[in-house]
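To start, the structure itself, in structure tokens.
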Amino acid sequence: MQKEHSPNAPSTPTARVRHRRRSNENAKKSEDFKRESYVKIVLLHVLKYDTRTWCQVPSEISRSNGSHLLVNDENKYRSMWIRAYSSLWMLVGFASILYLGHLYIWAMIVVIQIIMVAELFNLLRRAHEDKRLPGFRLLNWHFFFTAMLFVYGRILGQQFVNTVTSDKFFFKLVSGLIKYQMAICYFLYIAGFMWFILTLKKKMYKYQFSQYAWTHMILIVVFTQSSFTVANIFEGIFWFLLPASLIAINDVTAYFFGFFFGRTPLIKLSPKKTWEGFIGASIATMISAFVLANILGRFLWLTCPRKVTLSECLSMLKEQAVLIYVYVQDLSTSWLQCDPGPLFKPEYYSLHEWVPQWFPWKEMSILPVQWHALSFGLFASIIAPFGGFFASGFKRAFKVKDFGDSIPGHGGFTDRMDCQMVMAVFAYIYHQSFVVPQNYPVEMILDQILRSLSFEEQKALLMKLEQILELRQYGMF
């Protein structure tokens, strides 16, 4: 059988050697071409990366020159209307919840907390690693709700609610939960800790431990400020509403002053912040604090703390022939009536020497709380914005624009609450240090006795007081 030959195949030995040599040269050229192509591709990627890097330099230079300021932004009016529309809806919702009272405001704080924590959890989340760790996100939420039970259990357990009930079982159940609340939270945390240890996987240790530390940092930051916020609410809605309103006023006025007049960059962490916005907002916030305190301080349902007074407890004891379990904090949603106290009683100042004769107002009424409000305004305008600067630096570190996108034009709830967190802690500390009287009135001591001592301990205390009073009557004590 004859062998088949290619039509191009050489017939002589010399031609075959020449053909083989030419084939080797072609193969070498092809290999060289592939190598050169590979080098070109690598160089292209390098140049592309370097181009990105080089392009960042003019961007940073332009930022320092002020081209990123709101006053130079071509889309500033569109973004302004989006922010205004979102702000209007938030304002309507907030006013509605405020009208409902203390308990609903507390519920709103809890919902905001949950959204903030979800945004912060997602900040360091890696979908690829999470797929290999089923149930790991559930563990994070287990720690969150354990922390919530601990924080709010302490706030509402020590000063919980006056519960009038004839059901002894319910009475024992509630009192037992309050008494052992700390132990319950501890064992819930230990269960989560053991759960975390049992889910550790090889080659995932670093990611799992970083998530564990990140979860605890979130809980500390979020629950620290929220616990102070809730404490402010139950001291009187005024002490929650005034600081929160001042932060909102400072934020809005800084935006508009920067929008129309901003020329001088304030801080590199926030390129759109300007000195004009900062100074204008500070002046507006100080004036608003003085005026707003006068307006809010005239509504009893805003200034009264959500507490049951001793006289109310005694009247309940006379009228109710059932088992009464009295705590200090009243969580009903009705409007309050109380003695406003000296801070909310107006003082009148004559204006005869300061105004002309034709001026209609001859005197001015000022609430003493307005002088305290100036301290809140100063803090809200000078120090609280650093909470926003901290958040800006944090977002830059993780290379994200916003913490979330739940509020159009604003970002996430965490973006709106950065300054509020700083302000809430200051408001509580200021109230406890400079507003709450340091002496302890009789009602406060008796309220402490009612909530801290059992019925038998209260009877023993009463007998001891009777003995002391008898001895004092005869001058023997």
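Each Cβ is built from the backbone N, Cα and C atoms, and glycine gets one as well.
Features as listed in TrEMBL:
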type     : residues : note
REGION   : 1-31     : region 'Disordered'
TRANSMEM : 80-99    : transmembrane segment
TRANSMEM : 105-124  : transmembrane segment
TRANSMEM : 136-157  : transmembrane segment
TRANSMEM : 177-200  : transmembrane segment
TRANSMEM : 212-231  : transmembrane segment
TRANSMEM : 237-257  : transmembrane segment
TRANSMEM : 278-301  : transmembrane segment
TRANSMEM : 369-391  : transmembrane segment
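Two recorded stretches are said to be in contact when at least 3 C-beta pairs lie under 8 angstroms, sequence spacing 6 or more; the transmembrane segment (136-157) and the transmembrane segment (80-99) fall short of this definition. When each of 177-200, 237-257, 278-301, 369-391 is scored by its Cβ pairs under 8 Å to the transmembrane segment (80-99), the top-ranked stretch turns out to be 237-257. Same-chain neighbours of the transmembrane segment (177-200): 133, 135-136, 139, 142-143, 146, 149-150, 153-154, 157, 160, 208, 212, counting only residues six or more beyond its ends whose CB sits under 8 Å from a CB of the stretch.
Long-range contacts of the transmembrane segment (105-124) within the same chain, counting only residues at least 6 positions beyond its ends with a Cβ under 8 Å from a Cβ of the stretch, are 94, 97-98, 137, 140, 144, 148, 152, 210-211, 214-215, 218-219, 222-223, 226, 229-230, 233-234, 237, 240, 398, 400, 403-404, 406, 412-414, 417.
Away from its own ends, the transmembrane segment (369-391) comes close to residues 238, 242-243, 246-247, 249-250, 254, 267, 269-270, 273, 278, 281-282, 285-290, 292-294, 297, 343-344, 403, 414-415, 418-423, 426-427, 430, 434-435 of its chain (Cβ-Cβ under 8 Å, at least six residues beyond either end). Listed by sequence, the residues of this chain that lie at least six past the ends of the transmembrane segment (212-231) yet keep a Cβ under 8 A from its Cβ atoms are 106, 109, 113, 116-117, 120-121, 124, 140, 143-144, 147-148, 151-152, 155, 196, 240, 420-422, 424-425, 427-429.
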